[in-house]
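K.L.:
What follows is a structure written as structure tokens; I'll ask about it next.
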Amino acid sequence: MKGELNPMEANFMENLNLTIDGNRLWNRLMAFGKIGEGDNGGVTRTSFDQKDIEARKFFLKLLEQADLSPYMDAAGNIFGQIIGKNPELPAILIGSHLDTVNSGGRFDGAMGVLMGVEVLCTLKEKGIQPERTIKVVSLTDEEGARFDYAFVGSTALVGTEGSGKLKENLAAATDKDGNSYLEAMKQASLEGEYFNEINPDLLEQAQLGKNDLKAYIEVHIEQGKVLENKDLAVGIVTGISGGEWAEVTIMGEAGHAGTTWMKERKDALTAAAECIVAIEKIAQDNIGSVATVGKLEVKPGSSNVIPGRVDFTLDVRDISNERREKTVTQIYHSIRTIAANRGLGCEIRQVQSLSSVMSSPIVMKAVKDSLQELQYPVYELPSGAAHDAMVLGELTDIGMIFVRSKSGISHHPDEWSSFEDVALGCEVLFRTTLKLL
Ligand SMILES: [Zn+2]
């Protein structure tokens, strides 16, 4: 584990003449990686679980120590800030998330949040009081790992679903032990100072107005191999693919595996299998779309009983909203047809649907100018993975910077970005922020 600079890295830093403190950022990142760390090195902090609460407390303390006036909103989003000379001007927001998937990595989310802190700390140390307010945010539940419901914090800030709809969805979302999202939030609100602001009944209070923000900027690991293949540490994100998430139920009839003739069967699993193959084919035909069935539950789930019911998840993404809608429509039609042809029932429940968002040309130009200042190659790429920036795109201009992921691995204990790449990513973020302030 790298906590200190080796001579090669020290050389790199010197040559680059970094404004930010790469070592401080790295040490904080590694310290966060200890919260929720398992035996295999994987990090588990799912929303409002014990480790997520611990990370929130750690983050609040960090913001206090850095004199960044922390506060929490009704959705549990945690902010730090430097108030600008003209606080009525729309603010710059930098952020990401501190929650992880089960046994995920140290970099996904935490890196972007801590880079925001590093930018604000650097501004303070340089005695720069910006014209407009600058904030760093850790957004509640980006991953959706515990309750299968993601982007809670950013959705509350945008309020696009209406706070009533969001509350409804949170009430319906439960973890594997049957705890509801709302209950988990209420429980977290009892954790004392700052936490008592969490209030699922008043989520509308977290909503921001159109004039509150000038831009939202997020640095994230790439979670792919594009930058690695190009031998580049950082890249400018052009846009983020939207997605459609749904749950499908196929209803057949359970029956004895030995006594039910083939022509009499209403096997929910063979129907589901046909659906899954059809889903793959439709996505293959609509080039640019990707579709995944990642979870399947077979009931009653016995080796000698014909499956009577199958539930499976569906995840469809595409940078083109039009093409994604076409793919989704074809998939839903295909599922209904397959079920009907086999005389089975089916139900499709849309869980979440998010439009693709393009990065703001203003933010992209600020990133590009920063890279050129550093005499670093400018490279642009789209994001196939979803991020809070996609949700916040409905509220304000957004921009993202990707940092190279080793072997493209993410959501895994082996997730890794090098010290140099992280430091450079943060330096680009700092310079980008200065240009936007
Ligand atoms: Zn992430």
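Cβ from N, Cα, C; glycine included.
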K.L.:
Given TrEMBL annotates H97, D108 as Zn(2+) 1-binding, which of H220, H256 belongs to that site as well?
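P.N.:
Of H220, H256, H220 joins H97, D108 in the Zn(2+) 1 site that TrEMBL records.
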K.L.:
Determine, for the Zn(2+) 1 site, the additional residues of the same chain whose CB lies within 8 Å of the mean position of the CB atoms of H97, D108, H220; present them in sequence order.
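P.N.:
Counting only non-site residues, the set is S96, F107, G109, A110, M111, G112, E142, E218, I221, H387.
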K.L.:
What residues, ordered by sequence, lie under 8 A Cβ-to-Cβ from H97 (Zn(2+) 1 binding site) and sit at least six positions away in the same chain?
P.N.:
G109, G112, V113, S138, L139, T140, D141, E142, E143, G153, D388
K.L.:
Count, for each of the binding-site residues H220, H411, the other C-beta atoms lying within 10 angstroms of its own C-beta, and report the residue with the smallest count.
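P.N.:
Minimum Cβ neighbour count within 10 Å, taken over the binding-site residues H220, H411, occurs at H411.
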K.L.:
What number of additional C-beta atoms lies within 10 angstroms of the C-beta atom of E143 (Zn(2+) 2 binding site)?
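P.N.:
Step by step: centre on the Cβ of E143 (Zn(2+) 2 binding site), count other Cβ atoms within 10 Å, giving 19.
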K.L.:
Neighbourhood of the Zn(2+) 2 site (D108, E143, H411): other residues with Cβ within 8 Å of the Cβ centroid, in order?
P.N.:
T100, V101, G104, G105, G109, E142, A145, S410
